[in-house]
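According to Swiss-Prot, the features are:
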| type | residues | note |
| --- | --- | --- |
| BINDING | Arg16, Glu17, Leu18, Lys19, Lys116, Arg520, Cys521, Trp566, Glu610 | 5-methyltetrahydropteroyltri-L-glutamate binding site |
| BINDING | Ile436, Gly437, Ser438, Glu489, Asp604 | L-methionine binding site |
| BINDING | Ile436, Gly437, Ser438, Glu489, Asp604 | L-homocysteine binding site |
| BINDING | His646, Cys648, Glu670, Cys731 | Zn(2+) binding site |
| ACT_SITE | His699 | active site, proton donor |
Amino acid sequence: MTIVTNLSFPRIGARRELKRALESHWRGETDATQLQHTARELRARHWQLQRDTGVDLPPSNDFSLYDHVLDTAFLFDAIPQRYRALADADPLAGYFAMARGRQADGIDLHALEMTKWFDTNYHYLVPELHRDQHFALRGNKPIAEFEEALALGITTRPVLLGPVSFLLLSKTVDGSNRLDLLERLLPVYTQLLRQLQASGAEWVQIDEPTLVLDLDAQTQQAFRKAYAALNQGPRPKLLLTSYFGPLGDNLELALQLPADGLHIDLVRGTEQLDAVLNTLPAGRVLSAGLVNGRNIWRTALDNALTLARYAQGRIGKDHVWLAPSCSLLHVPVDLEQEKNLDADVRNWLAFAKQKLSELRVLADALDNKPEAETALTQTRQALEARRQSPKVHRPEVAQRLAALTPDTTQRNTAYPQRSQAQQQTLNLPAYPTTTIGSFPQTLEVREARAQFKSGKLSESDYETFLKAETERCIRTQEEIGLDVLVHGEFERNDMVEYFGEQLDGFIFTKLGWVQSYGSRCVKPPIIYGDVVRPAPMTVTWSAYAQSLTDKPMKGMLTGPVTMLQWSFVRDDQERAQTCRQIALALRDEVQDLEKAGIKVIQIDEPAIREGLPLRRGEWADYLNWAVESFRIASSNVRDTTQIHTHMCYSEFNDIIEAVAALDADVISIETSRSRMELLDAFVKFRYPNAIGPGVYDIHSPRVPQEEEMVLLLKKARAVLPPEQLWVNPDCGLKTRGWKETRAALQTMVHAAQRLRAE
């Protein structure tokens, strides 16, 4: 019999039950007992769903109240000193303080740093370690959840983040080498594995996703040392698990490690199958990741079946398990909830539950069960319908793409000439001031949008409300003395969804939520077909806003790469091609904004860096088409029209050439928290265009002092010519309150005025 297994199931619940339970607890409305009750209910439901769907060996310890990397740090007592007293007195409060920070009862703790989980849209909390770090088992979460499932009659495979990946995903606060801590960490892992075996666990899944990265010799040696140590003494069987790409030059290393099974991603790394089968040690299980755990399209089951049959033919049926390519954390729970989705598009999709069903079909087909043929036929029909659908393929888009030339991506003249033309048109002072785009979305704004969407507020009344909010925002900016204004974006819910709702080729689910971090869930758009802009998207609001003021008004757009990165993207063509389609739609919007009298247009690209492939050797190709897409969107304007972009990264050194190649007239970046250190990359590179280094952190309600901003600007002025500098906050102001926004912007304008006066 062919075994079906799973690496991890979404935690949040089909209707975001975990989100609601967490936020209720954080508001003090429910206690820890009630929160844990909801967590147990979700785990039980998810284990049962997996068994009912045909999963032979579901995972346990894949559930988390916030983040699995934080769980690992907490489990091994890697708790920074500032949280220690709270964690000892109240473990759950300490855990959430590490995740979210805490300001209560005289305690003021900031949270751990958060960053992207590899190249996904999930965020993990970065453990803080130090040279003298001590590790010890704290609690028994993996064992407790294994036994919890066992009490329900379900045998699971506990999931652990592996020791080397745990250290590589952490940071040291004292500059010491993370891998030097491996020797102290390994005895704790060994102890945990021994306890899991004593509890009855036959298999443990040990995730080492860093095996798909570029690894130096020291890191490769750390893997050998770690797994030699874990192989000493009693332990369950280990399934060494890689995902998010092929093992590549780490394949030999992975096969040298003493594990009993190996999971490989055959969606992103189909080409590695032969190499794995040629060198897999005899008797070792191969877990074949055949179903895409990161996207929402039905699997081409015939193709997957061919790979699975080939693998079974090479190493035997008993040694090939079927699995998703990676955790199902990255997809929504259940397509069956989407009752109102376009029927054709719905038939092309598979969410977490459906992906497990696909694996069961594959297993049944491999076991020659006749019922599999019906499902295989349905899949073939769905895939063929998608291939032939006029909803997917628009001839006019193909024609536009074919007509692209190098000139399509070029401005009329170089930046020095353009900047002179723009200054003559805009007549801006030195150190011009602006904001990044959004202004506070108050409770009134959110309630009005909700009432409009539910039909309780008419379109005309909603428009009247939005116009009033927009005018109030503009008058406030004029009173503060900002030089280039924005309209506030009160009509927008989300910087991708707002545009996606107005573009053909995008579709939105009602309950297609995935976890971004903690209780924050996002509902990514689905790009199912060729992207076309049927009508202008932002021109009406930008033109209205410009009519209210004599100062320049920025048109605000989300860039093509960001729209791509934050969506579920069609898998029937290259991502680069889809990105160019979005860029062409934005190109039309940019042209219409210019025709409507908008002289400054900002195209935000916060996601260019996070789209970088995991292997550095693949960066150049990605950056080439990412830059090309931005330039397709932004290059069809007169010299007098000023193109801005905004980026919020913690590192620019390794992509600075690509950032310069965008050829935006002005780039605003997030620099206040690094005290302008991020500017070093621009200085070393001699970045030629204008830069707006953020002078205050919008993620905090704190209003900085004028002197702080002046010092930051002087620091910037010391390394960049004054004529290159703009003055702006770090990011958009959507999540802030009006009181602190007004005060902070007023202070920012005063700081700019002081520098002008010098």
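Cβ atoms are placed via backbone N, Cα and C, with glycine included.
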Binding-site residues: Lys116, Ser438, Glu670 - member with fewest neighbouring CB atoms within 10 Å: Lys116
Given a 10 Å Cβ-Cβ cut-off, pick out the one of the binding-site residues Cys648, Cys731 that has the most other Cβ atoms nearby. Cys731
For Cys521 (5-methyltetrahydropteroyltri-L-glutamate binding site), just count the other CB atoms lying within 10 A of its CB, please. 18
Cβ atoms other than its own within 10 Å of the Cβ of Asp604 (L-methionine binding site), all chains, total 22
For Lys116 (5-methyltetrahydropteroyltri-L-glutamate binding site), which of the recorded positions Ser438, Glu489, Asp604, Cys648, His699 has the nearest Cα in space? Cys648
Compile a sequence-ordered list of residues in the same chain as Ile436 (L-methionine binding site), six or more apart from it, whose Cβ lies below 8 A from its Cβ; state 'none' when nothing qualifies. Val486, Asp604, His646, Ser668, Ile698, Asn728, Pro729, Asp730, Cys731, Gly732, Leu733
Fewest other Cβ atoms within 10 Å: which of the binding-site residues Glu489, Glu610 wins that one? Let me know. Glu610
Could you check which of the recorded positions (Gly437, Glu489, Cys648, His699) sits closest to Leu18 (5-methyltetrahydropteroyltri-L-glutamate binding site), going Cα to Cα? His699
Excluding near sequence neighbours, so keeping only residues 6 or more apart in the same chain, what lies with its CB under 8 A of Arg16 (5-methyltetrahydropteroyltri-L-glutamate binding site)? Trp513, Cys521
I want to check the contact list for Gly437 (L-methionine binding site): same chain, sequence separation of six or more, C-beta distance under 8 angstroms. What comes out? Val486, Glu489, Lys554, Met556, Gln602, Asp604, His646, Gly732
Cα distance, His699 (active site, proton donor) to Cys648 (Zn(2+) binding site), nearest Å? 12
Span of Ile436, Gly437, Ser438, Glu489, Asp604 around L-homocysteine - largest C-alpha separation, Å: 14
